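Trainee: Please find one structure pasted underneath; my questions will follow.
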Amino acid sequence: MRGQSRKESLSDSRDLDGSYDQLTGHPPGPTKKALKQRFLKLLPCCGPQALPSVSENSVEDEFELSTVCHRPEGLEQLQEQTKFTRKELQVLYRGFKNECPSGIVNEENFKQIYSQFFPQGDSSTYATFLFNAFDTNHDGSVSFEDFVAGLSVILRGTTDDRLNWAFNLYDLNKDGCITKEEMLDIMKSIYDMMGKYTYPALREEAPREHVESFFQKMDRNKDGVVTIEEFIESCQKDENIMRSMQLFDNVI
Amino acid sequence: MAAGVAAWLPFARAAAIGWMPVANCPMPLAPADKNKRQDELIVLNVSGRRFQTWRTTLERYPDTLLGSTEKEFFFNEDTKEYFFDRDPEVFRCVLNFYRTGKLHYPRYECISAYDDELAFYGILPEIIGDCCYEEYKDRKRENAERLMDDNDSENNQESMPSLSFRQTMWRAFENPHTSTLALVFYYVTGFFIAVSVITNVVETVPCGTVPGSKELPCGERYSVAFFCLDTACVMIFTVEYLLRLFAAPSRYRFIRSVMSIIDVVAIMPYYIGLVMTNNEDVSGAFVTLRVFRVFRIFKFSRHSQGLRILGYTLKSCASELGFLLFSLTMAIIIFATVMFYAEKGSSASKFTSIPASFWYTIVTMTTLGYGDMVPKTIAGKIFGSICSLSGVLVIALPVPVIVSNFSRIYHQNQRADKRRAQKKARLARIRVAKTGSSNAYLHSKRNGLLNEALELLGTPEEENMGKTTSLIESQHHHLLHCLEKTTGLSYLVDDPLLSVRTSTIKNHEFIDEQMFEQNCMESSMQNYPSTRSPSLSSHPGLTTTCCSRRSKKTTHLPNSNLPATRLRSMQELSTIHIQGSEQPSLTTSRSSLNLKADDGLRPNCKTSQITTAIISIPTPPALTPEGESRPPPASPGPNTNIPSIASNVVKVSAL
């Protein structure tokens, strides 16, 4: 008996999906999990509609993580949805897919990619804010559609669109207004990206002072928060900001 | 910034939108993308295999060949692609580096080939990814060892320009194979070491009885003889030690080395014994000292490589040995304690104390089992059996590590030996290749002359003597020729295979004296018929003698200035060719040679004139007459470039 059970365990370890029971010759009683596994394996990589279900399974079933892949909608659809040309979309997708072969970016990946552009400082906090801004449906991952949608607004949108997007970035809890704490977090994350070795050296109060001057400029009614209208209005009155928005016209 | 994320740069720039509204000062201008051309595919044709990639992929690393404008040198206008005449397999790795930012090292690739390719493409090997870096470094180290070995032996083989006496002595001591004297010394010392060891052993053998006294060991019976032997050995060892000390390049280091300590320990007892003779108080210590004489046997390690390897292995396995010792000690103490307390109860037990039990434990763990101490109680027997079982395990564990270390070092040594053995063959191959190429040059020189002669003659009757040379070869040969002309020297090759064949070419050349001189200097005097002048088959000094002749401007007989042997061969060759050209048989005397040459000249004036027309202009010896003109056509002996004979001053006109 003992030997037999040992043999069984050996053969089971060989037989990975356990579809064949050495002892009885019948497939073992199918467990719910095994069934789901086999079913999902049979499915081709799913489109965006099935994305939520796949990612749910992938979260609970580690076995499935390696087979998750996400394919974006077709090129034509993306062309309609965004303001990029076909070639631009191709270039963007190639770069995207190179770094994220699975088709979606999660927060860790995102932070790691972004940190490669700022070797000296710590860009992880700002990257988190960016990630939250790109991840419009808040599902913890940025797909190519999200990515391209965000880029389309920033690079091809009107100034108002851009300002809207920036406001969305600053509004961490997405409640429609920016508080001083939120702004302080943003400011600190931007200063963090510079790193420790700067000239002049970073002072402790610099972010706070910067936030104060920002609120002075933006907060019309001095109620301690900046709403979207205040924000857009103030930015439109500022020459520098308007001019800097033009920078994004030629990025791609 | 890793190149792989270069594609995400637009994203990073777009993300800067978060900074704009909070910025207090205006932003700098963005760099304009002047020629905003679309990303284009470029084709890289590597030995026929076409690789295609985006231009921007390659431009990620602008300090490499493919990323810079250097690749424009390889652009083929006709096919509109970049052509590289290199290995496509390695190129695959190189291109993947551009694509993924990681450089991999394929295991099946030869390390030096890979290094060459990387150097060509301007990629530093240090950026090989972690996954492949270990393998790369290992292979590189092995290769470096091999090269170092080669260099070392090469250096050894070159004749040391001028070694001082001391240095030669040291070399003789370290490498007995360098000279016979060293070898003799090596064997003599070895012999005396053996003699000394044997005498030490035989000294103690009981040697038969002298009537009237008990049995004596040989040492005491023939004490004088043994003393003499001992003295002789010690003298030899002392002399050897002093010589080594004298010859050592760094005396301090030599004194500290293991071998010299062994030497000292081996001969010290004798001297100490001399000093304190028959002093009863210290004779006990004296006897102890004699034990050290046995260390002479370690002197053999200079003579045996295997012993040295063993010693080196033990040294390198010090940690494993230490562990073995430590674990054994632990086990011994544990079991001895247990056995002692287990056997305490039994009467007349030999296990009187724990240290006394050590002996039992050791004997049992190493499965010796002398049987002088055995447990009598049941508990004792149980623990005794556990002790012996565990002993086997504890000893068996570290042994494979030591063995594998030994095997690794031994194989390394064997590899080095094999390399040394193959080196001879390898060097011979290299030498043959080198001489082959210079032979080819000389062949072609000769053939070129002959061909020219033939062309000028317009006589197709003679066959083309040499094999056709490729364009590259002919250009190479021209280059060598120009060098010869520049320096006024000429190449010498010692190859007895290039023997003279009698040819059927009827024309022979003659040149005026100056030309002869010149040709003497530049011609290669290598191929003497082995039958006729074996002594000249390889004589590197000839070129020098050839050149030294430059100073002699006027020579009635250029031959006369040559060393006799060369002269003789020249005469012989001249004889040959003269015979070949169907001259009347000549004597080998110099004067008659000239006469005969003169005689021989007339009938062949026609032909020779044409050939010598090229060079008849009496230019100074150092200059080449013109363009591609070769030295005067070789003598009809087809394998020689020796201008055959010089008559007295003979001016050859153009026709």
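Here the Cβ of each residue, glycine as well, is placed from N, Cα and C on the backbone.
TrEMBL annotations: computationally assigned, not manually curated.
According to TrEMBL, the signal peptide annotation covers B:1-16. For B:40-139, the entry in TrEMBL reads domain 'BTB'. Annotation comment: TrEMBL describes B:181-202, B:222-243, B:255-276, B:321-342, B:354-370, B:382-403 as transmembrane segment. Summarising the annotation, TrEMBL assigns compositional bias 'Polar residues' to B:525-548, B:637-647. According to TrEMBL, the region 'Disordered' annotation covers B:525-565, B:614-655.
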Trainee: Do any residues of this chain, six or more beyond the ends of the transmembrane segment (B:321-342), have a C-beta under 8 angstroms from a C-beta of it, and if so which?
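Mentor: Distant contacts of the transmembrane segment (B:321-342): 314, 351, 353-358, 360-362, 364-365, 375, 377, 379-380, 383-384, 386-387, 390-391, 394-395, 397-399, 402.
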Trainee: Please work out which recorded stretch in B:222-243, B:255-276, B:354-370, B:382-403 has the most C-beta pairs separated by under 8 angstroms from the transmembrane segment (B:181-202)?
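Mentor: The stretch with the most contacts is B:222-243.
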Trainee: Which residues of the chain, 6 or more past the ends of the transmembrane segment (B:354-370), have a CB below 8 A from one of its CBs?
Mentor: 328, 331-333, 335-337, 339-340, 343, 384, 387-388, 390-392, 394-395
Trainee: Report the mean pLDDT of the predicted model across the domain 'BTB' (B:40-139), rounded to a whole number.
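Mentor: Residues in the domain 'BTB' (B:40-139) carry a mean pLDDT of 89 in this prediction.
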Trainee: Pull the DSSP breakdown for the domain 'BTB' (B:40-139) and write it out as helix, strand, coil residue counts.
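Mentor: For that range the per-state counts are 47 helix, 20 strand, 33 coil.
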